Protein chains: 2
Amino acid sequence: MASEFELINFLFEPLSRGLSPNEIGIGDDGAVLNVPENHQLVVVTDTLVSGVHFPENTAAYDVAWKAVAVNLSDLAAMGAQPGFYSLALTIPENNQVWLNGFAKGLEDIGSFYQIPLVGGDTTNGPLTITVTMQGWVSTGKAIRRSGAKEGDLVCVTNYIGNGALGLMVALNTLPESVKGLISEADSQYLLDALNLPQPQLDLSSSLKEFANSAIDISDGLLADLGHILEESNKLIAPKDGKVLGAQINLEFIPLSNAARIYIENTGHWPAILAGGDDYQLCFTIAPDKLNLAQEMSGKLGVKITAIGKVVSLDRVNESSSTSNKPSLMDITLLSHGKKIDVGEAKGYMHF
Amino acid sequence: MASEFELINFLFEPLSRGLSPNEIGIGDDGAVLNVPENHQLVVVTDTLVSGVHFPENTAAYDVAWKAVAVNLSDLAAMGAQPGFYSLALTIPENNQVWLNGFAKGLEDIGSFYQIPLVGGDTTNGPLTITVTMQGWVSTGKAIRRSGAKEGDLVCVTNYIGNGALGLMVALNTLPESVKGLISEADSQYLLDALNLPQPQLDLSSSLKEFANSAIDISDGLLADLGHILEESNKLIAPKDGKVLGAQINLEFIPLSNAARIYIENTGHWPAILAGGDDYQLCFTIAPDKLNLAQEMSGKLGVKITAIGKVVSLDRVNESSSTSNKPSLMDITLLSHGKKIDVGEAKGYMHF
């Protein structure tokens, strides 16, 4: 088997392209990188485990793309611009075909988003990919989860639920009633949403001009909106006797053609709202900023939909409302004004 | 099983201590961190896989300490000061006792080296720990592997081989002839060298004043010195007809009491020279800088030993000397002036 050094040098070293002459990429004990003035560093990390975060038969190219994309998505949610990333790759065997496909995936997403690989570690073990990415945000301008305000509109980008439905396509678990109705092109569209997510970086640079809070939807819309409420509630003094919750209108949830067919035939909203793997942004904005957001939406070609609003609720139970658990109980789902039971629509929990 | 969010919030959030009020640690999509002026960012990553990089029965506390320490050691080799780190933890089950021990290990090394945890990801799978660490170096002052010059002295810090012998103690594979001669205190000392390595950060801040090149010894002295030669040779034009090699005097290799007993009874140098897990620094300096290095050594209480020198060799084989393989063939071992066969003393290869 080739040594760690050979793997890294020959396959990954070309992915360091784009550094300045006084910067150091792969090939030393560490990478050395320049820092833009008047910016803060943003650091994000995400691990993908084979069989947990992607089906074991996922193409190496797609695994690489997704490992980088999910981190770009985290940067997008902070309003940060990408800098560079390092890769910790644990592989069960030195499979050159797999490694070539993986390196090609890294190369393509790296070129597309202009983000060089600056280092990493390759180890032997069950397939696990950890990407740690650094980005930059103007000092003090990062968008927090904790900034949601009563009366804010809850918005999402593009479509919700495609990743979860893509997983059903990949695992062949789509209900029979739906399978026949979805075209081959739609199936591929869902698979691409799962395997080749497109982080919302175009929007993220202007997001700080109108959003009060933001998160990327990786664990499912309800869980991730829950994180926004949870973090925002930490800034509200308990003596106020209030907590933030949200009302979401199901009929406003933006659905792709395939997702609409799925809902019309199954009525099973949890797959859409809690399936995760969307890598869209969920953010809250003051209502008077909606025009600005829609202007950006048109300019960037990113669909933005207001799906509900942040509301103020009575703090009924001191111990539950101050817990760190996602406050799913504080999200009300409405269908044409009528309250719907959240049921099993909880967010994806890694454990 | 507790959710990922609970694990991270309750157990790891306190490890974010030490950030400024305008910085963000754990609890958002990413960490946001201030940048010191006139510095470059240094990024290092190391993965530890259970059963590959540490014995499966290693205490959780020690696993945590080591996962952070090996990254600090990489920063030390670059002459960088530590900033902060993120943690990608893959664990097979939510074992609260194990997690508490692990968090205590992180807390202790974090307090000792003043390095906060700023984020991470916890996933379910075989025990794997990836730490990505950021540090800072004055712009243009990073120490490269590639700076070795003909005539440089090859130096190492403290003692070599303790980590490899510690692994023999842990796995109970020390030869019988040695076991009876090593005290219980010495056994514990070797185990500590393996499990609780002390990164050479004290020295690293002054290293740039006298070292031409540096690396930390993780793969074994010969392999890591080979990396210095390999990278330094890339800067020498092939038309020169020369490559850099090294001569190492075995009798100068600094050995602990236990390692000396091992060598006296087995004569087995590969364990010492190629065992790895030393986390000492190997660096090269111009001979006229040795006084300065020894002055620093006394001031900081770090033992520094010159064990050989960088020499110029005829470039005999174009294809082999330009390959990226560690140029072990270019390191000559001398015992009291007599050339010794490197034999099996190759560096640890992860594959």
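Glycine residues also receive a Cβ, built from the backbone N, Cα and C atoms like all the rest.
As written in TrEMBL, here are the features:
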| type | residues | note |
| --- | --- | --- |
| BINDING | B:Asp29, B:Asp74, B:Asp216 | Mg(2+) 3 binding site |
| BINDING | B:Asp29, B:Asp74 | Mg(2+) 4 binding site |
| BINDING | B:Thr45, B:Asp46, B:Asp121 | Mg(2+) 1 binding site |
| BINDING | B:Asp46, B:Asp74 | Mg(2+) 2 binding site |
| BINDING | B:His53, B:Asp277, B:Tyr348 | substrate binding site |
| BINDING | B:Gly120, B:Asp121, B:Arg145, B:Ser218 | ATP binding site |
| BINDING | B:Asp219 | Mg(2+) 5 binding site |
| DOMAIN | B:27-137 | domain 'PurM-like N-terminal' |
- Message: Nearest of the binding-site residues to B:Gly120 (ATP binding site) by CA-CA distance, picking from B:Thr45, B:His53, B:Asp74, B:Asp216, B:Asp219?
- Response: B:Thr45
- Rounded Cα distance in angstrom between B:Asp219 (Mg(2+) 5 binding site) and B:Asp277 (substrate binding site) is 6
- B:Asp29, B:Thr45, B:Asp46, B:Asp74, B:Arg145 filtered to the binding-site residues whose C-alpha is within 10 Å of B:Asp277 (substrate binding site): none
- What counts of helix, strand and coil residues does DSSP assign across the domain 'PurM-like N-terminal' (B:27-137)? 36 helix, 45 strand, 30 coil
- Item | Arithmetic mean of per-residue pLDDT over the domain 'PurM-like N-terminal' (B:27-137) | 94
- Secondary structure of B:Asp277 (substrate binding site) (DSSP, helix/strand/coil): coil
- Task: Counting Cβ neighbours within 10 Å across all chains shown, tell me which of the binding-site residues B:Thr45, B:Ser218 comes out on top.
- Result: B:Thr45
- Message: Between the two most separated Cα atoms in B:Gly120, B:Asp121, B:Arg145, B:Ser218, the residues recorded as binding ATP, what distance in Å do you get?
- Response: 31
- Query: How big is the Cα-to-Cα gap, in Å, between B:His53 (substrate binding site) and B:Asp46 (Mg(2+) 1 binding site)?
  - Reply: 11
- Message: When DSSP is mapped onto helix/strand/coil, what comes out for B:Asp216 (Mg(2+) 3 binding site)?
- Response: strand
- Task: Pop the Cα-Cα gap between B:Asp74 (Mg(2+) 3 binding site) and B:Asp121 (Mg(2+) 1 binding site) into the table, whole Å please.
- Result: 22
- Per residue, counting other C-beta atoms within 10 angstroms of the C-beta, which of the binding-site residues B:His53, B:Arg145 reaches the highest number? B:Arg145
- About how far apart, in whole Å, are the alpha carbons (Cα) of B:Asp46 (Mg(2+) 1 binding site) and B:Asp216 (Mg(2+) 3 binding site)? 13
- Message: Let's check the environment of B:Asp121 (Mg(2+) 1 binding site): how many other CB atoms sit within 10 Å of its CB?
- Response: 24
- Using a 10 Å cut-off, grab the number of neighbouring Cβ atoms around the Cβ of the residue listed as 'Mg(2+) 5 binding site', all chains included. 25
- When you measure from the Cβ of B:Asp74 (Mg(2+) 3 binding site), which residues in the chain that are at least 6 apart have a Cβ under 8 Å away? B:Val44, B:Asp46, B:Met133, B:Asp216
- Task: Across all the protein chains here, work out how many other Cβ atoms are within 10 Å of the Cβ of B:Asp46 (Mg(2+) 1 binding site).
- Result: 24
